[in-house]
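As recorded in Swiss-Prot:
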type: BINDING; residues: Gly11, Arg72, Cys73, Gly102, Asp103, Gly104, Ser105; note: ATP binding site
type: BINDING; residues: Arg21, Ala22, Val23, Val24, Arg25, Arg154, Gly185, Ala186, Glu187, Arg211, Lys213, Lys214, His215; note: ADP binding site
type: BINDING; residues: Asp103; note: Mg(2+) binding site
type: BINDING; residues: Thr125, Ile126, Asp127, Arg162, Met169, Gly170, Arg171, Glu222, Arg243, His249, Val250, Gln251, Arg252; note: substrate binding site
type: ACT_SITE; residues: Asp127; note: active site, proton acceptor
Amino acid sequence: MKRIGVLTSGGDSPGMNAAIRAVVRKAIFHDIEVYGIYHGYAGLISGHIEKLELGSVGDIIHRGGTKLYTARCPEFKDPEVRLKGIEQLKKHGIEGLVVIGGDGSYQGAKKLTEQGFPCVGVPGTIDNDIPGTDFTIGFDTALNTVIDAIDKIRDTATSHERTYVIEVMGRHAGDIALWAGLADGAETILIPEEKYDMEDVIARLKRGSERGKKHSIIVVAEGVGSAIDIGKHIEEATSFDTRVTVLGHVQRGGSPSAQDRVLASRLGARAVELLIAGNGGRCVGIQNNKLVDHDIIEALAQKHTIDKDMYQLSKELSI
């Protein structure tokens, strides 16, 4: 293999730049040319493809976002559109592709693989919802951003004796909410993977108030439902002074943590190794702190699951 491509797709995550850097430097170390595909699959279709050199990835390992930009591209689901993308890759002499992104990005890589073009997926999403890996690039940074925000909100919640409902990202996965809620001692954590009873939430808050608790923190993953509606329900049922904070896209930004920089470097380099070895149609990950790779089609057939033990622990510690 003499030439590979790299793109980032879907929602950005801190550490994507570190992964791009690793792909470029690892490939050049092995005398392989690297071409960057800008704006994800949309850029692949339009041919926005440029050669990357060592200097192209200098001074980016510590930066959030993605140097290659990103975009969502629903039209890539069309086989004819994907063929246009493959034609662009072949036009530029690209023999293998590294795709950095989340579930939708993996779906695109899977489809390209099924159409005969070798791809390797690298998990880049703050949601931590990709099968085949314990952690995704960006999750740790986002988690620390959320924890810092909740720490600050708890300060004002304590001062004003208020209940705060804090919404974090996670349409289908509650990892950010669960980990942040546990780390910050939240009184209640609501995640998409686990059903909840609003009356039970109310009862828990009232029990806390009866034993002298003056403030509470409730962490809600966005996939559970409207945090605003939850906050209104709590205030109406308890008369507690209640506020709602939606953290939003601040969770996606910022300089990546050391853990995300190292993880991205390891996974990006491993993706190149797989392409060099002729092992396309794979996705890389980390499990028990060891690099692993899986068949991307088989990996996508799996479903992300929450850590049940951690969820149970969060309930036991929030009595």
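Here, residue 1 is simply the first one shown, and the rest follow in order.
Heads up, the Cβ atoms here are built off N, Cα and C, so glycines get one too.
Here the binding residues for ADP are Arg21, Ala22, Val23, Val24, Arg25, Arg154, Gly185, Ala186, Glu187, Arg211, Lys213, Lys214, His215. Their largest Cα to Cα distance works out to 58 Å. Long-range Cβ contacts of His215 (ADP binding site) within its own chain (separation 6+, distance under 8 Å): Arg154, Ala157, Thr158, His160, Glu161, Arg162, Thr163, Tyr164. For Arg243 (substrate binding site), the nearest of the binding-site residues Gly102, Asp103, Glu187 in terms of C-alpha separation is Glu187. The substrate-binding residues named in the record, Thr125, Ile126, Asp127, Arg162, Met169, Gly170, Arg171, Glu222, Arg243, His249, Val250, Gln251, Arg252, extend over a maximum Cα to Cα distance of 32 Å. Of the chain residues outside the ATP site list Gly11, Arg72, Cys73, Gly102, Asp103, Gly104, Ser105, Ser9, Gly10, Gly40, Gly101, Gln107, Gly108, Thr125 have their Cβ within 8 Å of the site's Cβ mean position. Spatially, by CA atoms, the binding-site residues Gly104, Thr125, Met169 include one closest to Val23 (ADP binding site), and that is Thr125. Within 10 Å of Thr125 (substrate binding site), as judged by C-alpha distances, no binding-site residues are found among Arg21, Arg25, Arg72, Gly185, Glu187, Lys213.
Among the record's ATP binders, Gly11, Arg72, Cys73, Gly102, Asp103, Gly104, Ser105, no two C-alpha atoms are more than 13 Å apart, and one pair sits at exactly that spread. Looking only at the binding-site residues Val23, Cys73, Val250, the densest Cβ neighbourhood within 10 Å occurs at Val23.
Under DSSP, Arg243 (substrate binding site) is assigned to a strand (E or B) in the three-state scheme. Put simply, of the binding-site residues Arg21, Gly185, Val250, the one whose Cα is nearest the Cα of Ser105 (ATP binding site) is Arg21.
Counted over every protein chain shown, other Cβ atoms within 10 Å are most numerous around Arg21 among the binding-site residues Arg21, Arg72. Of all the binding-site residues in the list Gly11, Gly104, Glu187, Lys213, the shortest Cα-Cα distance to Met169 (substrate binding site) is found for Gly11.
DSSP classifies Gly185 (ADP binding site) as coil under the three-state reduction.
Taking CA atoms as the reference points, Asp103 (ATP binding site) and Lys213 (ADP binding site) are 41 Å apart.
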